[in-house]
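Dropping the structure in here first, questions after.
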There are 2 protein chains.
Amino acid sequence: MPSYKAPVEEVLFLLNDVFGIERYNTLPGFADATPDVVEAVVGEGAKLCEEVLAPLNRAGDVEGCTRHPDGRVTTPKGFKAGYDAYAGGGWMGLSMPAEYGGQGLPHALNSVIQEFVSGANLALGMYPGLTQGAMAALLVHGTEQQKRAYLPKMIDGTWTGTMNLTEPHCGTDLGLLKTKAVPNGDGSYALTGTKIFISAGEHDLSENIIHLVLARIEGAPAGTKGISLFVVPKILLNPDGSPGGRNGVACGSIEHKMGIHGNATCVMNYDGATGWLVGEANRGLNAMFVMMNEARLAVGIQGLGQSEVAYQNAVAYARDRLQGRALTGAAAPDKPADPIIVHPDVRRALMGIRAFNEAARALVLWTALQSDVAHRSDDPAARQAADDHMGLMTPVVKGVLTDRGFANAVEAQQMFGGHGYVEEWGMSQFVRDARIAQIYEGANGIQAMDLVGRKLPRDGGRAMMRFLSEVEAFSRENADDEALKPFLAPLAKSLGHLQQATMWLMQNAMARPDNAGAGATDYMHLMGLVAMGYMWARIAKAAAARKAAGHAVARMDARLATGRFYVERVLPETATRLARISAGADAVMAVPADMF
Amino acid sequence: MPSYKAPVEEVLFLLNDVFGIERYNTLPGFADATPDVVEAVVGEGAKLCEEVLAPLNRAGDVEGCTRHPDGRVTTPKGFKAGYDAYAGGGWMGLSMPAEYGGQGLPHALNSVIQEFVSGANLALGMYPGLTQGAMAALLVHGTEQQKRAYLPKMIDGTWTGTMNLTEPHCGTDLGLLKTKAVPNGDGSYALTGTKIFISAGEHDLSENIIHLVLARIEGAPAGTKGISLFVVPKILLNPDGSPGGRNGVACGSIEHKMGIHGNATCVMNYDGATGWLVGEANRGLNAMFVMMNEARLAVGIQGLGQSEVAYQNAVAYARDRLQGRALTGAAAPDKPADPIIVHPDVRRALMGIRAFNEAARALVLWTALQSDVAHRSDDPAARQAADDHMGLMTPVVKGVLTDRGFANAVEAQQMFGGHGYVEEWGMSQFVRDARIAQIYEGANGIQAMDLVGRKLPRDGGRAMMRFLSEVEAFSRENADDEALKPFLAPLAKSLGHLQQATMWLMQNAMARPDNAGAGATDYMHLMGLVAMGYMWARIAKAAAARKAAGHAVARMDARLATGRFYVERVLPETATRLARISAGADAVMAVPADMF
């Protein structure tokens, strides 16, 4: 039976020592996030995830969701109690505004809880996850009346939310969407069409489900410029806000998927369902994009969560499983064999995951703090810089953390040999569940194109320049720090690769856009490697300081050694990424489509 | 519904143009393998796999195997007919000796069919696959009486075989095994113990199942030096060879696995089962190792087979799915969007798989031909050289082809977006099925240790020296060939990385064995990258020759372009592998086990 322990020490070290969350205390909500409050919130979140959500994970995978002939969907046994514990603890509104019932705490703290939930039970965590996404859209684009009608009940968990974008013939290319909205004459619209892959589209966890739906108003322009966003509650509301009759939306079927079996992935049929416009007509895609940064960050976090839980269980197995002897002589001569954690190839695999997890967590928290600045600061320059960071780093966090998160789950499963392939041990589930995060919320190839085609060139490359400058400045300021020496030289080398790749794209992609497309995925990973290398340098600085102060020396030594593994073993991959990018599109595009 | 088309053109090109199979016609069996026979065999094998085995694949995954309360196991609907078609076609004994009913054709041809079967239906293919493994052990180590008793019925498919190694507490470390064998006094033994993960351990496809079982004879030494190999038929044979009573072996349960659901993975309980020694007492591991080269080669081939079928289905989807427009302007302006094969990032993924498949297939056939030489040549020097090659390349084929084969199945699944995650489309199955090949027949970390710890240093590094010399000689001989220019420079660079890594290991692993262990996996992949780079150079030479002769020019151009993709985009990874290896074991081993 797999288990999960939330990485509390790691999170507090990052928030307090590496990023100094107290430095943000002029932002709204941060003043309330005193060290005591942060520790309490993180500790309580850990407890919920370890004791309530994680124990439901494996059974949820086995049982899955069931759609009944009348269209009702039931979630696995225990999910309702797990969801209620989550909602009852006030977690849904942790960083939502107090005026709608939220706690107004930093989004960075919410990101921490998202990681814990994703590691403990990804399938269950998606129900509140989608709700947070829907709330974000309503918060930014909804009318005050809409906010008052929906947000308090969503924040207290009585209702959940969904996002309805995909249709059978369109996923990435939403310009093709066909779901239509016809004005009813009373300000509402009648929506008709079929949406697919709707996570949490129908279930038994909440009293109502608030669907956010992209549709085309009758007569609107074709393509992406004719798409509007609507709010469509499953149960219509009476004028006093109490539940009324059933709306014309129903779950037609649920998908049989590779993983996240505990989450109902629904085909949703809209048959003249009543909906209300959210934001301006024909500006639905813009409304969606506003919330996509947070949603994509959340999916990147899912990759980290699965990597962490898979790692923990692999470590436990590697300590426990006796097989073979250490190359340097028996480590446990009193036992029939040594625990496999003595073997360097096992260590290589575990260290690789460990070195990723810590840097990825840092990248998430750094970016989440920037999100807080972008949304809460009253300094326009600070807001702009933070927004630049968010825009640039979001596709990297989504794409790289989910690609590596999946690969790490596979690597962790490999430790178990044949036992890893047997469902009973739970490692297969981590692999199958982690796989979805590379696909949804914009498949990772789309993230790469978003980075190279939109975020990188935007505003003359301002965001990228700022990132490069920050890393250079950090390296300069710490050039004489002995503890950082092992980190700064490899970081500078890899930063050079990123600069060369960026230059190459600037010089070669304008004239031939395929050069950008052909290098996009490698560029995204190159960027992720360097960003995590920078995270390690910052972690090392904080760890060295703690060690110098005589605090948790053994733990800080382990942290520094993990960082050295990263810069010695992981970071050199930037050379290969650069080589691929600068090979350009020739060989990529040379074979005619009919010769494949 | 996924489909499969056997890569017939590719195989014939490799056998005829690249490796010149006719040059081997002095070896027994090869004289029969005239170009017409080869084409007929490959064509018939393709037909069986495309028309009979592939259509059973998805349904077999959904239905899986069922164990009944009485211990019987039934395979998915249609598997019996599929197996009968395979057996009836004479495929089981394709390269087995004629004296036991086989066709005596080259093992290389058998490898071709193994790829087709693995691509069409991996779960079904494992039943004959295990049988071929068991036959190989009997052929080399069995007495004449044992061979006559078992081989003809296995070759004609009336009986199948299994390999029983693993026990709950021992997989890699077989020295720990506990299954005991007590002499019955009549030359037979009574075997008692529990074996797990026994593929094809019990099923309804054959009249008898011939188990090969590792056990420890009562009083034998502890560890690996006290292990013997036994043959234990499910149904005992009467003195005249006809089926007698049921033996004391039964399937206790079947595993619920991530994939290969159509193959019964059994816990086998031996309860005083009657068995007979195969080969010498206490030399069972040696007997196993003899057959492991072929078995591991076969598993490497499974990785290739899954990569190929996943690729084919991804290509079909990429040609069909309309989404977005080409970066260079609409490619299909008459349609609402372009097929996604126009997008460079989709091409990048497809080309990566394609470039692997062709080189991996070449590496398999080259190695299989060496296996034929090693087993059939009457020239001791040729046999030794071929055996060196087999020993060196087997762990590379097994480890690299299954690691990459799995990664390619994942990459192919990614093309499908959300549809790839839904079981209905079949891409998830390829991923889940491909995963096992990295694990069984020696997990890939064990392959890496076998390469670095045993195969590389053996006989003063003779095998490796021979490989390096061959690549260098090829490059020298073709230095002036214009068509090969794009290939030879990158190959030389990567070969240099391999030489440096080899040198580093020689200098640093003796004094500190952990340095070998820490670099083993990267060394295995480095070797695979270079070996496939060499394969591409040879393919390019043959393709350029065909093109110069005006044959299949468009196809040869596509082949050459695919090879250029490999050397430009894949091969540069050798630099990263070298960097990791020469970083040594320090950072890998620095964290104490209790700090993980």
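Glycine is treated like the rest: Cβ placed from N, Cα and C.
What TrEMBL shows for this protein is this:
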DOMAIN    A:83-157  domain 'Acyl-CoA dehydrogenase/oxidase N-terminal'
DOMAIN    A:163-271  domain 'Acyl-CoA oxidase/dehydrogenase middle'
DOMAIN    A:282-451  domain 'Acyl-CoA dehydrogenase/oxidase C-terminal'
DOMAIN    A:467-592  domain 'Acetyl-CoA dehydrogenase-like C-terminal'
Determine whether the domain 'Acyl-CoA dehydrogenase/oxidase N-terminal' (A:83-157) and the domain 'Acetyl-CoA dehydrogenase-like C-terminal' (A:467-592) share at least three Cβ pairs under 8 Å, counting only pairs 6 or more apart in sequence.
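No, these stretches are not in contact.
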Treating G and I as helix alongside H, and B as strand alongside E, what does DSSP give for the domain 'Acyl-CoA dehydrogenase/oxidase N-terminal' (A:83-157) in helix, strand and coil?
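Counting residues per DSSP class in the domain 'Acyl-CoA dehydrogenase/oxidase N-terminal' (A:83-157), I get 55 helix, 0 strand, 20 coil.
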What are the DSSP helix, strand and coil residue counts for the domain 'Acyl-CoA oxidase/dehydrogenase middle' (A:163-271)?
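Its residues fall into 7 helix, 56 strand, 46 coil.
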May I have the DSSP-based helix, strand and coil counts for the residues of the domain 'Acetyl-CoA dehydrogenase-like C-terminal' (A:467-592)?
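The composition, in the requested order, is 107 helix, 0 strand, 19 coil.
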